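Participant: Quick one: the structure is below, questions incoming.
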């Protein structure tokens, strides 16, 4: 069952998907999934941290309202009560947030416009389970504009923006989500999306696999009408591959996690910026002249290294994969074992997808004031547990910043308790979310409109042409002008003028 | 027939291999292949230009000797005359060159050492057809050290270093090659390698496909004993895929052109350096502040852009592929159509693999002193032919540098007549050649030792594990220290501790 | 009168000090200085913004206490009441902050250690007026350790950290300062430092010139015993040069604002980091692919440009000085007039020290969502006043972030209302403050110990050897190892082995 | 005596001018100066190396003509024989070279145009002694166009381009210079410039001080009519300062060596490119991943470090000056002592202006194949002499490349025998020469037109406004558009709208 919430992103030393054997998977098998903090592992869905939310200073404070939304009677202005949100009255504020997000998601807006005539999702009944933020709202309303009916729940008990949920409910979307759901609330909300008189979903948009899991478990017959699943997260995709392998996947599924645009943008380009942002917001440190070791030279590590080198840090890299290692060399980084530099570095950053990359022994040898953080995985990369021993003192000096103090007075600065720095301590630019949301929308359109037989009961990557289309929708943001092949050139290259332009194995 | 010598490298706007339809292929079908200049298209094998050879100042001059090697009677010091080189007496000088190359090819030397005991190529009879340079000599002698018998011809009528050929002949290798072969000499040399009493090859190492072609045509029965072909060039690989598609490939073949290490190193890292080198050696220009447009943002384009940006140039990019285009944007380059900037740029560089990217119309609009060159393809990228019209004056101002002068006095600076700048006007570092040669050696070992049935009559990529091994053999050059997975970590990731570490589709 | 609070830092288009004629100076002459916000103009003294202070999350909240400190009776644990702070009970928390700062100010700590024996400030009676932060506290306690007696007031009515002031008072420093002083409080505090029975200062450490002004005005006779003034701010230094010019400067003064280390670090290196930090914290924008125009290519502009280019932005520069303009060209930036790019850029950053660099006309032509901010000067660089017209709507979307909305819906994003972005919206690394504080300490030592006649009644720059000493004290932070000249080399170069190593006009 | 030809450029660890005491100066006092190779030390004047000249492949070969020019009877087409060059018939080829250079020296061409009316040098009689290259010819003809009469000799016995000299002679310039002069020829040529019936110079343009020296020695009375000296080289400037100090300078002199544009361009920007060029042309090495130590972090070192870092090298820096050292740290370089890294680095580059920075002991400890070269000084920086011992074998492998081989087989690769790499092994872009030549022209104009009394018998720097003017003349090359101050802004800043824009001590 879906109790395994491990993230195994493709970067750094790891990057192994299908063949991963989760050692600790079985023992967790029958445990109830814990919603708390769990989703924060998934970079893709970008749970913005508390910090980042709170930075939107004028957000209305609803903390005074203690009644559970499930116990409230609320109606939107059109009289509908087919939703469950914290407070429908916050709709106006949420609407403004959505409007601001729309300005930064031109690709989805373009999609709305282009599809004004034909409605490629006419007849689609989409049940969704994602973070509920202004950006998701733009996606949801785009799906609506393309002809779909949607019902929506949150994939994380903490990440819902109540005002946005209210705005969606006000404009007629059956949304069941609020910030601070209980475990029970979580599943109740999902159930309310699915289990409804006279309406049955024919498409699933999932982020983490919980919605898919619920339907498998409670309403397996629903799959007869379902045309496909679009899954966003590494966790959910992994689960789908397992189902497929076991012959239990009963509809086509689209893995949008591994599309080029998503991988390169979420990992390389986004981390290039968020490593700086995360370190600055938590420590106010100066990068110039600092010695840094980055563990793992996958896309995430490459982004971190490039940014820190550009800011004047001296960067060392550790790797297990000789090819990535050789890239690090050619890019100008000393390739070392962690032990060789652990005494001298000012910052340790993990980006491996592995576990126990930074051990207690390493931590013991770090110099005073060394900063330790993780960009790659859940809190397994740094053996944080090993620091919870009586001889060490923990001092919380800021939100997300702990000083762990050794008996001799040495202190290391641990960020976000070893969880993902960029999700905990920085924000994710709307532009990156836009790429993901556009990919999701296109995957839904593709699956929904695919002729019988194009997709079997298996997990698919988005066709390259769609990847290219997502990219092309984002070019106007940069006032970027694409060159078109002439007929003669297309013939010479043996290409269709509209793409796809590269073979599947092209590495970019 | 192998008369199609087009290069269709994977970079820039192109990168399409299997599906390429060569429009002009058929008409050339029955033409005799022209050796001259042809191979200079192949980046991979790095035909060093005349310039670069001549930079090795102390090379002995053998121009005075007009006798054809085919008419000479020569013996090496052991009395053997099973070779045909320009002048066996140049052996000593060639030996020194080989020794210098050995110092920069530690991976092959390591291979020799590791295989001292077992001789993985014992019994192998390799016939080879490659450029004959000091670096190839190190490869050849490594194959010998691993147990193989070798016979060798040149794949290009111009690229043979006579001294190196002499040194190989002196140490007992049957080498048939000299600089300045005629077309007839070329095939005669190949034939002398293959058509020999009492010796029949069981492995082929080819670079361009001519040797393979010759055996197909003249000695098809030889394939019964041949265990496999290792092909290095894009041209040759393309031909093998065609044979395979047509069901005519009768032995397994290994495509070493598309290995990661080769692609990233030959294209990205090598071009990052050679664009600067090529421009400096030909024009002595200053890069700072210059406006440059780079056509194509594949690996080659990425390398060129990175280098020029780092040197203070202002770089514009053109692309047809929206994904590469978006990468260009994120990397900080304005994405434009060539027309938008053609009047203002100081340098135009093509890296597309396409044809007529720079047209006469573009050339007409360039400003005075604009430099035009090609990093990506044969001279089709720039429409050089369109410049050979009566109203334009050509002035050769230096080797590889032409001023083309318009009636109004405007002159553009055309480098290498639109042929590959980095091959014509810069040199290829031994380190890059080392990666290629090591990959070739490993491919030979793999094919030769593979258990029956592992490889069918098809074209294969080198197993990822071998790619990783090639990379690992080059790490000591950088004093780079790889981290090893612990048992626990390997289990956690579901990986073998010795690799492979990434799925096949990993993009690096 | 010191009513002129204009900042005229040396960077960007400006950089003119002595010869500046303040057009609007006279009319302000008799106005009372307004303390509010005023000091935030001074980069050098690094008034951390409200944001950054609040980021130290656990700071005790004293907002409930409404009594004026002037009306309170407080004693420290030793029974002294010669101080006036918000709440002496906050001392412990403040002490921890000081201790943390000590870890990042190794140069001052080294100074303490080196001077343990001799006490170079023995007998010094220093009256100081600076921001009161943990870093200043480390300076103050260092002065104490070197033998000095100190009395201290705040140079800004908002910037005092009450807990730090309490800690200083508790450890015996007569400190008169709290956060949120009134104008009257401000001068009262300064007076309490100076006007004290049985103690008369012989050194002044000033930041802004208010303390100096007060003594000039109220206690001119005090100057008879005063050995010198050390002034930190541009404003104060300007005032001193005016006094000197007018023949009214009656003691030597040291201008620490223009030392190399301070200029290059505060401006170039610090801004390289803070431009990114300030933009991220306020807007969460992605830098990659954004078009930015930076007005002014002085040290500040150079830092901003380097950082944004490294993050993948496309950067344009405007300049008035042809030399700086040529540098921008060679560094790879298109040099334009603002008008040429104003319609297309995503971000406008001013770093000129000039006024009305961005006019209403420019603002009218910017595209929707353009971000406008200032790194160089008070809010005169951007003509913010011109935006306060009825047809434009201002929307405060976050702290320090306003959307200014045109009638047609276009909105521009104005940061910090045009005040200094890096002071308002990012933090200043302790390392930079350490350089400044160390320079101040050395200037005090130099003036205090200088033999009679070395310094006249004039304004001096710190001797180059002291600049070099400040730098050398900060090298251990980077584990940096300086090379020493051999005797032979020193002789060859005609240098003293201990420096100074460069002529005064050396540009670094 | 001017026998001291040491160069003591302002960069790296050195940069000390006025106060330099040359230990070995006195002993050389009475030696005859040796012309050979000597000037190659002067970066400023950019003696292009043999390599670079020969790269202009079509240069006519005059080596067959053994007659000394002094013994030839030559006339130009107008019948004049007031010149002495190798072969007047080469004029046409030289003219083409000059025309090409004109295209890249737009500043001088602009100067010609602007001064078409007024002739600011009308009446000037300039005697010059510089390298005679196409670029100098453009300068000379510009001086002519501005109204001056010129007579010219070469400042180096090897650097004259015979064809250019012929072209100048043909167009009426009395030029006395050829490639391969003897020592005696050298002084004879200078004398022929000065010692002429009915013509007496009133301005001197010197590069190295030999011309000035000759007049001092032979024709001291000439100084009565001379309005000033413009000196280009470090050597010559040093000599002038010495004369001034000794009270023996009898006319004003202009030091054009230390102007900002020249310093920053010649050193920082030019070396950023030439270090790569010099290394590539000599060794064909790959920069990526190489470990490099750069000795000295002045402008030259900064340029080298920036370039190599950008190409993927790992760079270490050594410094003696703590301020430059701190800059290296902030720019992301490990600051080390040479001993710490000497065993591990692949390349050692000296840029100090010091002597014996790399000692025999260092050379003994370098690893096999380490490359050693000098960017900063004459061959004193590397103790090359210490390598000329019997146990070491020298092998010349290419022009400018020696392998020095230790008894155990270790070889180090010594470039240009320790002389300046960028002059010996790369070329100097015309753009840089253009800046220098323009500065020289403006200095001549300034001195010639200065009102009585503005300049005394002392050495002056070019007024900042002229520096700014030189820069502004080069901006059109980059299509760069300068912003102009409004009246209001100029008033606010207290600046003249036309500059100068910065105080003299501004560091850029």
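Just so it is clear, glycine is given a Cβ too, placed from its N, Cα and C backbone atoms.
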Participant: Pick from D:25-81, D:82-138: which range does TrEMBL record as region 'Disordered'?
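Facilitator: That would be D:25-81, per the region 'Disordered' entry in TrEMBL.
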Participant: Check each of the binding-site residues D:301, D:302, D:303, D:319, D:422 and report back the ones whose Cβ is under 8 Å from some Cβ of chain C.
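Facilitator: The answer, in sequence order, is D:319.
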Participant: Counting other Cβ atoms within 10 Å, pick out the least crowded of the binding-site residues D:298, D:301, D:303.
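Facilitator: Across D:298, D:301, D:303, these binding-site residues, the one with fewest Cβ atoms within 10 Å is D:303.
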Participant: Check residue D:319 (NAD(+) binding site) against DSSP and tell me helix, strand or coil, would you?
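Facilitator: Where residue D:319 (NAD(+) binding site) sits, the three-state DSSP reduction gives coil.
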Participant: How many angstrom lie between the most widely spaced Cα atoms of the NAD(+) binders D:298, D:299, D:300, D:301, D:302, D:303, D:319, D:422?
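Facilitator: Greatest Cα-Cα span of the listed binding residues: 21 Å.
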Participant: Please give me the CB contact count at 10 A for residue D:319 (NAD(+) binding site), counting all chains in the structure.
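Facilitator: Within a 10 Å radius of the Cβ of residue D:319 (NAD(+) binding site) lie 31 other Cβ atoms.
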Participant: Could you tell me which of these binding-site residues, D:299, D:300, D:302, D:422, has the greatest number of Cβ atoms within 10 Å of its own Cβ?
Facilitator: D:300
